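According to TrEMBL, the transmembrane segment annotation covers 21-43, 55-77, 171-191, 248-271, 291-311, 331-360, 372-392, 404-425, 431-451.
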Amino acid sequence: KSDNPKGGKRKEKAKMQLKRNIGYFDGVSFIIGSIVGAGIFVSPTGVLKHSLLNVGVALTIWTASGLVSLMGSLCYAELGTALPFSGGEYSHIKRGLGSLPAFVFIWTSTFTKPASNAARALLFAEYATQPFYGICPAPEVLKKCLALAVLWSLGILNGRSVKMAAWVQTIFTLLKMMALSVIAIGGIVLIGGRKESLARFEDAFSSEIPNASQVAEAFFQGLYAYGGWWSLNYMAEEMKNPSRNIPLTVMTAVPAVIVFYLLVNISYLTVLTPKEIVSSVAVAVTWADRVIPSVAWIIPLSVAVSIFGALNSSMFTLGRLSYAGSQSGHLPVLISMLNVHSCTPAPAMIFSTTIASIFIIPSDLITLTNYFGFSAWLMIGLTCASLIVLRYREPHLHRPYKVFLPVPFVMVAMSFFLVLAPIVWSPNLQYVYAFLFMLGSLVVYMPFIHFKLHFAFLDKITCHLQLLLEVSPADESAESKCE
């Protein structure tokens, strides 16, 4: 350290690393923002449809899906507090199961997660442009240009400032929760004055009971709606006081989403019959047309806001995944570098945003990712298996929070059931292609990771890009101006 004789600020050598800028409320916003996308507004029909329009079974499955998501997030909370590194599942799988499973994860995620972001951006463009075209469809070129603009706007934002990205996430999460509150409160107000609605809930289990396979399919739909509960572990390295804030954030955000999902579904069922819900293209819009017709436009706007918030959260976490993969040598070294001014993983953000942009141009590619849905639960299962392995292999690892040990065993069993179920029930050649793609990671892993094959000319390219982007390796001895 050196003192400024004129009384100015003291300059000091700071480590070039990600800064702990994300607090408790930011973490809650990121988890809620990741889980709550367009689904709860547009089509909560899957659960009701596969429950054979049985209201009691549907609400039970919504609750059970939320509890399974909470169990999974508590498993991740133990891993996040014990190993507070960027990269989420990737970092935990690498520590628990080794380099190869971790590489398969990042290989698959590099394909599926940007495609998911591209799909969100296109859906946002769909809702944002439709009010200007009425009943006519908006031009495809316009939607793709707007989707690209949103992707790169958020990519640049996340690459320049963590605090600004967290602020945007908090604002958009508050907006979407306000919209859900309007629906939830509207249902509570209306339910007392509707005898037919009360009868619907009093005889909730009176209609046909679905069989085991139908319940499982409804459960699968419910779990999909809660997807995103794992997002906090991607930013564990940037959490303030992770030992305290990670478990506290999880225990706040996931139960809050469960409560809101149940209240919103009850509100839909108060205003609409189960048949009307299943046949509606956008349930929240139909609900608004019945309850608040003069300001029904607020719901499509809320859908766009919700998608925007979910996209921001997803892009933030994907940048951290790429950053962690590069730090471990599984992606080019440039991606693990940080901007010397802001200490953000700018190259990782550019990398993930570029791949998402490629998917938008021929958007038919996005349909391929539907067959990778099983891979998400495969990785959740491997992550929870890593927790079990680490409990026995590293018993003295400092664990500020420990989940009840049977919980990860339940999650592993549940995960592998959810991996196999769609393949067994509806076998499709595309699943074979998805498995082959995952196995294709070995073609890259063996020469470049295991045998460390390296090309000298890549070092020159990396050096030039490093100067152009003003980035530096996350080196403990590096001198930076990050504050």
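All residue numbers here begin at 1 and follow the chain in the order shown.
Including glycine, each Cβ sits where the backbone N, Cα and C put it.
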Going along the chain, which residues at least six beyond the ends of the transmembrane segment (248-271) come within the CB cut-off of under 8 Å?
24, 27-28, 31-32, 35-36, 40, 44, 55, 58-59, 62-63, 66-67, 69-70, 73-74, 76-77, 177, 180-181, 183-184, 186-188, 190-191, 194, 197, 200-201, 225-226, 229, 232, 277, 283-284, 287, 290-291
How about the transmembrane segment (291-311) with the transmembrane segment (21-43) - do they touch, taking at least 3 C-beta pairs under 8 Å (6 or more apart in sequence) as contact?
yes
Determine whether the transmembrane segment (55-77) and the transmembrane segment (431-451) share at least three Cβ pairs under 8 Å, counting only pairs 6 or more apart in sequence.
no
So, taking each listed stretch (21-43, 372-392, 404-425, 431-451) in turn and counting its Cβ pairs to the transmembrane segment (171-191) that are under 8 angstroms, which one gives the highest count?
21-43
By a Cβ-Cβ criterion of under 8 Å, what residues six or more beyond either terminus of the transmembrane segment (431-451) are in contact with it?
99-100, 103-104, 107-108, 111, 329-330, 368, 371-372, 374-375, 422-423
